[in-house]
Each structure stands twice: as structure tokens, then as C-alpha cells.
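Remarks on the structure that follows.
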Amino acid sequence: RFFIISVNVIEARQLVGLNMDPVVCVEIGDEKKYTSMKESTNCPYYNEVSFPSETLVIHSKNLLRSGTLVGTFKLDVGTVYSQPDHQFYHKWAILSDHDDITAGCKGYVKCDIAVVGKGDNIKTPHKASETDEDDIEGNLLLPEGVPAERQWARFYVKIYRAEGLPKMNTSIMANMKKAFIGENKDLVDPYVQVQFAGQKGKTSVQKSSYEPIWNEHIVFTEMFPPLCKRMKVQIRDSDKVNDVAIGTHFIDLRKIANDGDKGFLPTLGPAWVNMYGSTRNYTLMDEHQDLNEGLGEGVSFRARLLVSVAVEILDTTSTEIVSSTEVKVEPVSNISEVHLQICCFNIILSSPQSATGKVEEFFLFGAFLEATMIDRKIGDKPISFEVNNRCEGGTESEEDESELIQNSSDEEVEEDGDLVSVSSTPLLKPVITDRNYFHLPYFEKKPCIYIKSWWQDQRRRLYNSNIMDKIADKLVRSKCSICMGWEVEAKEMCCSAIGIVISIHTYSACSLQESMSQQAKTIRTQVKKKTVKDKLKLVLNFLQRLRFLADEPQHSIPDVFIWMLSNNKRIAYARIPSKDILHSIVDEEMGKDCGKVNAVFLRKGFGPAGWTVQAKMEMYLWLGLSKQRKDFLNGLPCGFEENRAVKGVGLQSVPPISLSYNMKQVFQLRAHMYQARSLFAADSSGLSDPFARVFFSTHSQVTEVLNETLCPTWDQLLVFDNVELYGEAAELRDDPPIIVIEFYDQDTVGKAEYIGRTFAKPITKMIDEHYGPPRFPPQLEYYQVYRGSSLAGDLLAAFELLQIGPAGQAELPPIDGPTDSERGPILPVPLGIRPVLSKYRIEVLFWGLRDLKRVNLAQVDRPRVDIECAGKGVQSSLIQNYKKNPNFSTLVKWFEVDLPENELLHPPLNIRVVDCRAFGRYTLVGSHAVTSLRKFIYSPPDKNAINNWAHAGTHRNTLAVLEEYNLKTLSNEDEKDSKKKKKKKKGEEAEEEEQDESLLDWWSKYFASIETMMEVRKPIEPYEFDNFEDWLHTFNLYRGKAGDDDDTSLTDDDRVVGRYKGSICMYKLPLSEEISRDAGFDPNMGMFQNIPHNDPINVLVRVFVVRATDLHPADINGKADPYIVIKLGKTELKDKENYISKQLNPVFGKSFDIQATFPMESMLTVSVYDWDLVGTDDLIGETKIDLENRFYSKHRATCGMASTYSIHGYNVWRDPQKPTQILAKLCKEGKLDGPHYGPGGRVKVVNRIFMGPTVIEDENGLWFQVSQECYEHLALTVLNHWEDIPKAGCKLVREHVEIRPLLNPEKPGIEQGRIEMWVDMFPMDMPAPGPAIDISPRKPKRYELRVIIWNTDEVILEDDDYFTGEKSKKMSDIYVRGWLKGQQEDKQDTDVHYHSLTGEGNFNWRFLFPFDYLLAEEKIVISKKESMFSWDETEYKIPARLTLQVWDADHFSADDFLGAIELDLNRFPRGAKTAKQCSIDMVQNEQELPTISIFKQKRVKGWWPFILYCECLQGKVEAELHLITAEEAEKNPVGLGRSEPDPLEKPNRPDTTFLWFLSPLKAIRYLICNRYKWLIIKIILVLLLLVMLGLFLYSMPGYLVKKMLGA
């Protein structure tokens, strides 16, 4: 099955990193798609859809920055598909770092993920408010029940050993290796590969071994609980060219874990898991290799693997933990396992006990009681059957295999006292049954097989599975009993099933089972006859859980395979689960087929015809411990003797090789084949020529062939005389063999084509029983006919098996002879079994035919409709010219027919359309079979109900009640075609900007109604109006052969060749005279009174297209360029010139007027195409609306009624008829008394009084009272409650917008998006309507955001203080950067505050951000080209968010990012008044703090924190935000930064805030004078002293000499 996976990446938040440029990568399988790159942000906004893929493996999102992985989120596609509606909508995925599991959360990605298969209907949930969606913790992308905070865990998959591997080389290659190398090695080099959560791990390769031993474990590191539910374990054969899969097994982690209070982590084994796949004979080109890959049901045992799974939760706070998540493969110690060597039939046991359970000897016995329905294509060569459940290394050659079959069948040999297994039956030549089938002559002698094998004893697990399977089966039978109305029996079965549920915990200690037991105890005490249906619904909730628990993942006994062999070739097989035939001494634990005779159908496990049965076996199977095998024959039909291969004393324990029956019973089978319905269409005409072939034992008979029908009524009795059945009579009475009924289509040339098959069990009457009530005669029952796994019709029949005594057939109930001479010797169904008939009249309304396609290349010109039911019918009048008028001239005709009194047995009604051509030729155009006539049965109205209505309706409604009612229905989604979207009555709900009436428009009403739907949250009622088929029904006409479910090339829509419009009314005769006595009753129209004429009528059709959502990408860039195409009849309107570039959610806001003529032009097609510059435009999707049904519907779907009557403004009444005129017309058509308008705002219709407003509002907004205008409000009040009017009342269509799916014929069944639209229709003979209301998209309003950065404080200091050189002192050169989201290229920076030593910065700097804004959607609109090669601009709608960042300026390296704050302009926390009051709590606790909107507040000033990683305070900024319109900005211009006009003052910065190399003298002044002034003075003084001292010392000697010499 193919799927479309759609991923819409909306935005990311709280990404861990500095000033990153994030990109989101979506990886599905081997395919990757990337979003665009967003610059310099940790909160990017994308709203981009990745191109869907049809591959399902692992789904992951990787966040990349310049090749650096930021975080990863992994999710299994199966997890998405298991969600409600198969999707996650607007959920936040948690990103984690797989390279460092100790790092914690790396951010969040908001996205939508949907997985859509054929036929899946995905509903888009109501969009929550922005506040709710911003609650990340409350909207995580996790399945229900998974905790928000997941832990890292290690998953240990231990691989010990494998057994029974097949050879992976041909016999020729093996002989060549033996000849050249001289060694006879095992021909396989196995290794094990495990896949989990997108990762792979492999063991080492064991060379040449059928029994490899690895003793290794593969370690995966993943979040727990994992979002990937399955592990894929695969044994592969290593090859130099290409590795090949030997076998695959999936481990479902949900089945080996329990999340309850007494739960446990995923734990498996050590246990053996069995692998199945293609046959064990190796071929170079194995066409069934997919089976070995795990795709499809395996047809043979391939290998078994000893494996265990364990999970360890990691403590990420530990310092010893390894943070990487790479897959590791490590050796482990050998498990204390039994050394088990299997070689042909020799078993050697070295230990009685092992870690995987005690090894026990098991015994499998099988008896072939019957082999019939063998396909004659096999030929008449001898046939044998082989049963096997053992694993043996390699495979014998075909010669050895055939020799083994021959020897084991002829004689039994005793070796060492052990039993040698016999796995095959003797070869036997088939005997002809009829033209299509053989059977084997297993009459008195029934061959047997028996096999000994040794397995680990895991019976207890299989016993628990059988218990739960039986409980589930009993619950299903209870449901069927209730559906048939057997409440008493259902109550007993329900209580009995609940009782078994209660006893579950005695067999297993699973906490889930214990909780189910406690719930069952509570429910059983409340089960009563009246409440059994309700309580059974609760009990049936257990059914799914029971089926889930019953699938045991740890059982060691392989399934049993039964093969049919002919000419040494394997022809067909059957696979029987071992638990189904497992023996136990407790009945509840025994397998459902153990010790019983069951029908086994052999089929081909390969090829397209998987439903083809090659043989039907009646088999007896028993599997259990050898020591318990004394009872293995107890379930066989009695009256046999055992034939053993070896005669002698003391060999009673040797099983028989055949059974000889000396007791047989003779029966007569009577198959009462009454009719079939809704059979598979096997001919190109869309019909079949069906007949049925009935098989019972070795007998078969066929019914007559009925030509050209899908609902044949054979009314035929098939008698099978002298049917010999072996066994005791009592056993055959309680459990007779099944009857197989096959249906074929008879072709004039070639073999009959298979249609389907069903099974039945006859009611058995023995000789000593009386043929009478309650068992006889048998009642007709419906049997479902299957074609493979798909339903192919129903059979209505009864079967009885009558024992023939010694007196022969004279004792049997007599059979009436043929009653119809035209049918020849065909026996009819007897009167006692044939349903009791009553006379019915069927009235047929012939309205018209639509959209008839060509037949044999010729157009249909003169069609006619033939109606047939139970052999009677009527023909419509002939349409003389289909092109001019496709309606019939005579509307109503009728015929009388005898039908069963039981409505369930009513035959189908066949509708055929034929084209009357020249020379009396009639060509079949198409046909339709109405399988259920129940909804067309006329039921007279209940007078008591009418009186009760009238009584209950009097004086009930008041004005307040009506207003409350209107408010509730405001948000109701009407029907499949409509969703009510109306203006709220309470003004406080609207935006403040829209309080002024002049500012309100249609979009105000649209968005207000969306808010109402979010608040009320009522469920959608998709079929409230039943597609407007209240009296005029549409029947699709089919022609052509039907396709199977697996045939994707042919669908039912491809077989539709036209539509027949009409209706049917049937009632039992005689009819009550009171109906025909009604005034105005027209006997010619029968029950179709008061219907309009079907003459052509001219209509003005007004189509309003609002928008499209979630369109399928049509371009390679993952976008589309959509535009609208409207087609009605031959008129086609293309809006190609107004295509919307690169949008998947385009807003069209268009209206189109088309004049059409009904019925010729009644099918409206609204298509969305993708515009392409080169080549033809591609169809994205289309929706079709039948306007005719709406136009004539009693729900009045021509123009939806508004909730209020307005004569002006945006909500003006748009219907040309006023409410009073509409109400008067409805009362006249319904023959109702009224309306009568009274004082005080009262109006009376049919004894029902309504209250309404008595004042209206004029164009100036003044309220005044005008009696005539008040009548319109009163009439509208009645119309809004028209469904409450008795007899003629029904719900009228209100003002609405339809949400319709878009479909593409090339992708049938898969939605391509949705379109929101509605249609108004106005007859041209009525007053012309007013101009169409304006729904053109709102133009975004131009605003200018002025942001003044005043100051910063406590900004983190990054650089060393170069003035002092001390590293302990830090400083920063601060500047602030700002931009609006989506306008990163227009980012603006302040000047730099240099050398801030305290984190304080002074700027007085103004940013100017002009932008276009949509108030209703709260989005900024940006139009720009994606690249220089783009043809035109693309419009983006982005949330209004202001980003402010603080940076540290560096001149010789990149600037350092310090912190940021992002403010949602619609809701952000109010700024703190002072820097001290500003804290990080303003961001972390944003949900708890009151928020403001700049669009309401207009001007805000305060302090906000700069943060990093959402947890570190990096600084504070004082800013002022001022929002003004573009007109105001033009009147009062301001300058950027501190420029003119209206310049800001220069900041009062400290003297140190300058750039040193531009002012060196200033730098020296501050560097030396300010900081080292006293030090310099001291140094100068010291220097002066030193100079003085030096001068003194220098001059002292001279002075001394002068003094001494007296100079």
C-alpha cells in the first residue's frame, strides 16, 4: 500500500546556538528535503511544506547550521498513522543532540505531519488560538500516553546463535566448490543486522555455518519511550557481490513492555524467534525474495534465532557516561544454552534445562480425512502432502527429497527404540470431481503423518494467548447476537465473556490484564437486558486490547506448514500457527483447532492470484508433548481402526500411518440457493452472468446461469444424494463438514471467470429426529462472499443435511417437483423455506439522466430507464433528444410485486439504462443495483407525534432563549458541504479596531465565526443534509469490469458512465385511505406529492471562492502557483491571470457569475490549477457540486439565510426574497396554517408561537420600531427554527462557507487539499438579486514601527580592559541590533557605546520599521522575490515579531553575540519600569504574566531582558515602541538614528566612551592623567629629588676644592 507523507515545517523556537542561520532538513527513507535558510535567528519562521514521499521508513528532522547538527527528532511513520486522523497538527517536536546525550533539549520545531493512504479522510482540526499554540509544553509532538520529558536509554539486542539456516548456493556451485577445494562446507555466510530508530547494527560474519554462534550484542542509544515502535532483526548472507536476506523478524516493543503501575521496560528472552520467507530451495533469481525481507506472509520456515532485548535507563548526570549515540557491537558471554544438534533426525541432548526453557519432545499428529477441490491445472500425476514444523540446516536435493517421501510412506523402521517421523502421505492419483476439480480417493482409508521434534517448552505463553483469543471470539459472537436482535442470548454471552475476562489474572500476572479484569467486574454487575447493548460497547473496547495481548512474541515452536507436492514440485501450501493446534488438559488453554477436524485451504503463496485455492483439506491436527500423546486420537470421528507400519507386541505407542473407517453414514444434502446480491462485476458491460457451484465432500453441483445481473435470484434447490460421511452420527450432527460455494461468471468463449467464494455449515437432521420446528425447515441466511480479502457480494441461502436410513430416501421430507415449465427440471426452493411474501407497490420517480458517456464510440441519444425487482418492473418514458432535454416527460410510474415480509430479505432493485437505436436495437449504457430498499419504504406519519409537537411547541420560546440558541449554532459545522461562519452578536469579542461599523466587512464576520468555533468546539456533522438527497436521489451508473483491491489502476469512479436521477417509494398494499383523502392529493403522482416540474429552468449561479488550504505541492520547490477554474456545462471561467505565486494556502476572495440552464448544465466543477511558465498547467485538485439537487432540495440550499436581517452594511440580506416571502411560500407549500403576526413580536405557525425582536437599526445606527420591518425579523426567527415545525418542518441551510476536499483523478482517494467556498443560485424568472458581496482579500494595512533604544544595563562584559591590562576587569563595546521577523536584510544597528565597564550603554537611537500588516490574521505580509531567477514576487505571511540583539563590537575579529529578546507584537510582556525590576522571569514565565499588544496599546516604554539559551540573563534594554499608520508617519516624519527630522538628543555618555586610535591625545589624557595622576606626581617628585641629589653629588667635589683652596 502506498502512502503520501506530508510535513509542514512552521517554525522553530529556543534553538541552542549563537546567531545561527538555521535550516530544517526532513528525511524520509533515502529522500531529503530542506527548508530555506533563515539568517541570524534562534527562532526562525518557515511555514514550508516538504515535498511528500511515498516511502515509509523512518521520519526525522535535522536542524543544520553550516553543516553543524544542532538537534534531531526521530519519529516512526507508523506512529503518525496510528494517531487520530493519521496526523499531528501544529505540534512541537523536541530536538536532542545525538552526539551528546547529556546536553538536554536543543530547541523545538513546530510542524504538521500527515500520512495519507488511499481512501483516508483527514480532517483539519480547528486552529487553536496563538496563545494555546505557543504553549510548547502543552503541545508536544508526542503520542498520547508518552511523557513530555523522555530519558535517554540504551537498547541492548543480544544475538547468540541461529539454527536451521538454508543453503544459499545452488547445487551446481556446491559441487564445483567441492571439486576444486575438496571441502564440503556449509553454503551460507550469515550475519545479523538490526535496524532501530533509523540506525543499523551488524554482527560479525560467521563463515560457512548453518548453525552460527555470535554471542554479540548491538547497543542502540535512543530516547525512552521511543517513538519508533519496532525493531527489525534480519539474518543476511554475506556475499562479495550483494548481501541477501535469509529471514526477517520484527520485534514490537509495545508487546514486550508494560507502562502500568506494575509495568516493566521492554524485555525479551533470551528466546528463540522464528523466521519465515520463501521456500528453502535456493535459486539465483529468487522472485519471492520480498518474503525474506518481511514483506508478506512467509511460505516456509527459514531459520530461528536466539535473541534477547533489554533496556537500561541512563543517568545523564553521571560523569562516567558515554555521550555518543553511535551503534556499538560488543561481544558477550555465552549463554548457558542446551547444546542442540539437529542433523536429519538425530537429536543429541547434553542438558535437560536451558536459559530459554526446558527442552521437551513434542509430537505432531495429522490425519487427512478428505482432499477435494484440487485444481485440474495441476494435472493427473500422483499427489502427496507434506507436513513440517522442523528446522534443518541446508536443504536436501529434489532426488533425496522424493526418496524420503517414498520410503517414509511405505514402511516404518524402529531405530534404537526411537520413533522415526513420517512427514508425508503416500502418492495417490487424483480422481475427477467435475470439469474444474479433482479429488483424492480418501474414502475408508485416511492417511496420517506424525513428527517428533524438540523445542523449548514455552507452552504457558501460548496457553495465555489461546485464553485471550477465545475471550475475543466470544465477544465477537456477542456483538453478532445483538446485531441480530437476540438480546437474551447476547446478555448471557456477554456476561460469560466478561467472566472469562475476570479470570484472566489467574493465568498471568500482567498488570494490564489485571486492570481489564477489574473493569470487567464493574461492568458485569451493570449488565441488564435493557442495557446490554450499551455495556457491550464498553466490553468491545477490550477486544482490540485482547487481540494485541494474544500475539505472543516469545514462543519457540514454529508454525506448521502443509505442502501439496506433485511431480516433485511444491504446488500449494497452508500455514497453521502452532498455538492453534496446541494441546492442553484445560479447555480454555487448548488451541481452537487442536483435536478437531477442520477445513484447510491450500493456496499459492506467490503470484497475483493469491486468492486462488488449489485444494481443500479436511484435516485433523494435534500438537503436544510426547508424554501426553495418549489422547491424540480422541478428537477424531469415531469408528476407525488404526493401521501401523510395524506389527508386533508392545508397539501400541507407535502412531498409525493410516486410519480405516468401518462406520459411515449416508446423507442427502439440500442446498436451497435463493438469491445473491451485489456480486462482482466480471464483464465489460458492468454486469455478470453468474452461476454458483456448490461443493460438499467429493460432490459438486451448479445452479443455472442468469444472464446480465449482479443480483441473481436462482430460487433453486440442489440435491446431493448418497453423500457418504465417515464417523458416528452424533458427531456429524453437532459438527458437520463445511460447504463451499463458489461463484463464477459464464462467458460464451473461454473458461468461466471466478467471482468469489463463501462457506456455510448445514443444519443436520438424523433419522430419529422429527422434521419440524424449531430447527426445521431451516431459515434463509445471508453469507458474505469474498474475493480474496475483499467483499464481493452476499448469498441468501439455506442448507440442510438429512440422514438416509435403512428405508432409503422414502423417509426424507418430500420434495416438490418443478413448478415452472420454462425452467425445465429445475427444483424451486420449498414453500416452508421460501420467505413469506406480501404484495407491495413500488412507485418510481423518473426525473432525468445526467453525464452519460459514449457507448461503443457513439453518443447516447434516446435513452430509457428500466426498473426491475423480483422479476417485475416498469419502464420510463423515452427521452427523445438527450442533448436538448435529459429529463423524462412522465414523472411517476408504479408496479406491484410480491416481496418478503422480512425487510432484510428484500431482493435488490436493479436500474438499467439502455439507448434505443435504429432498427430496434437496444444498447446497455449502465446499471445500478439498489441493495437495500429499507430507506425507501414509506411509513405514514404518527398523529400522536404531531399532537405532541404542537403541545410542546406552544409558548416555549422567548427572545433570550433564541439569542442563546443562535449563539450556539453559530459555530456548528453544518454538513458535508457547509460550515457556518457568522458574525458574533456580542461586540466585545471583536477587535478594538473593528468597533466602528464602517470598518467591518465580510471578513470580520468570517474571522469572528472561526473564533466562535474554537470556543464552542462542537463536533462536525458532515452528513446533516444527506448530500441534499431528501426527495431526489442520484444513482451512479456503472459499466465495465470491476477491479480488485490490489488493482490500483482501476477504481469504481472509473466505471461510472453516468447518473440517473429519481427516487423510489415502496409500501405494502392496501394503503390507508386517509392518505388519499388529503386535500389536493394527485393520484397520478402517488406518494410524490408537491414536487416541482422538471422543465428546463434558467438560473443565475454565483460562485464564491474564499481560499484554499493545504494544497499538494506541484512544483519542484515544494510550492505551487494556484489559480481558480470554474466549469459549468460548456461555460468555463479561468482566472489564470490572477494566479498566486508560490503559495500552498492561497486566499482568492473571488466571485464568479454564470448563467446556466437546469438540467443540461447542473454539475459545477471548481478546480485549482498550478500555473507554469513553460508547458501546460497542472491540475492540483477539483471538487464537483451537483447544483440541481441543491436547487430543488426542501432544505432551501439556493441561498443560505443569515442569522440576522439587515438592510444595510456588510451583513445586508442578499436573497431577493425577504424572510416574510420565504416563510409564506413554505407555509403554502406545506399546507400549514400561518404565519399569523401578532403584537409584541409574536408570530404563530401551526399552533406554535415564536418571539422575535421588535426594533431594528437604521443606516445611522439609530434603533426604531417599524411594524412591517419587524415582521422580517419575526419571519427569520421562524425560519431559523423551521426544523421544529411539525410535519413539513426541516432544517434550512444557513449562511455558510463550505470546506470541500480537492481530489485529483490521477490520485484517486487521496486528498490534495481543501477549498473554502459557497454557491448561491437565483432563478432568472424571479426578481434579480443585488450585486455580489465583496469578499476580495483584505489589503494589508501599512504601518511604521518606531523603536527607540534609550539605554542598556548589566550587559555581559566580554573583552579585557586594555586601559589597565588587568584581565580581572572586563569591558564591552556595546551596540544593539534590531529587525522585524522576515526582514533580516533590513536589520538596523545603533552606534557603538565604547568601553562600557559596567554593562551600561546610552544610545538614544531610533529604528524605523515600515511593514504591511493583516489585522485579522495577525501576520506581517512581505512580498519579495525568492531569488534573482524568480519570475515574480512571492507573498509571505509571517507573525509580527520584533527581534532585538545586543552585540560586542570588535574591530579586528567578528563581533561577539551577547544576547537577544524576541517580542511578539500581538502579545508580549509589559516592560519593567526600572532596570532593577527587569528580570529573566519576564521571558521564562511569559505564559503567566499579563501581555499587551502594540496594535492596541500603540505606545509602550519599559525595560526588557536580553537572554541567551532561554536561561541566562545577558543584559537589559530600555526601549520605547511606537506604532503608527503610514498616513500618520507621513504627516509626522522622524529621522533614523538621531537624524532630522525630530532628532533625538545625543546620549550623555562617560568621557571614556571613545575610540582610542582616533583620539590619541584624549586617550593619553584619560589613560595617564585620570588613573595615574598621583603616581605620576610622586614619580616626578622622586625624579626631582634624584636629580637634585645627583646634581649635589656632581657639584659637591668642586665646591669642596674651591673652599679648601680658597678659590
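First residue shown is number 1, and so on along the chain.
Note: Cβ is positioned from N, Cα and C throughout, glycine not excepted.
Nobody curates TrEMBL annotations by hand; they come from automatic prediction.
Features as listed in TrEMBL:
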type	residues	note
COMPBIAS	395-416	compositional bias 'Acidic residues'
DOMAIN	132-267	domain 'C2'
DOMAIN	651-776	domain 'C2'
DOMAIN	823-950	domain 'C2'
DOMAIN	1082-1200	domain 'C2'
DOMAIN	1325-1479	domain 'C2'
REGION	389-416	region 'Disordered'
REGION	972-994	region 'Disordered'
TRANSMEM	1574-1594	transmembrane segment
Q. Can you find at least 3 Cβ pairs under 8 Å between the domain 'C2' (651-776) and the domain 'C2' (823-950), where each pair is 6 or more residues apart in sequence?
A. yes
Q: Please spell out the DSSP helix, strand and coil residue counts for the domain 'C2' (132-267).
A: 20 helix, 56 strand, 60 coil
Q) Per-residue pLDDT averaged over the domain 'C2' (132-267) comes to what? A) 83
**Q.** Helix, strand and coil counts within the domain 'C2' (1082-1200) (DSSP)
**A.** 9 helix, 53 strand, 57 coil
Q: Pull the DSSP breakdown for the domain 'C2' (651-776) and write it out as helix, strand, coil residue counts.
A: 6 helix, 61 strand, 59 coil
Q | Secondary structure composition of the domain 'C2' (823-950) [DSSP: H/G/I, E/B, coil] | A | 18 helix, 58 strand, 52 coil
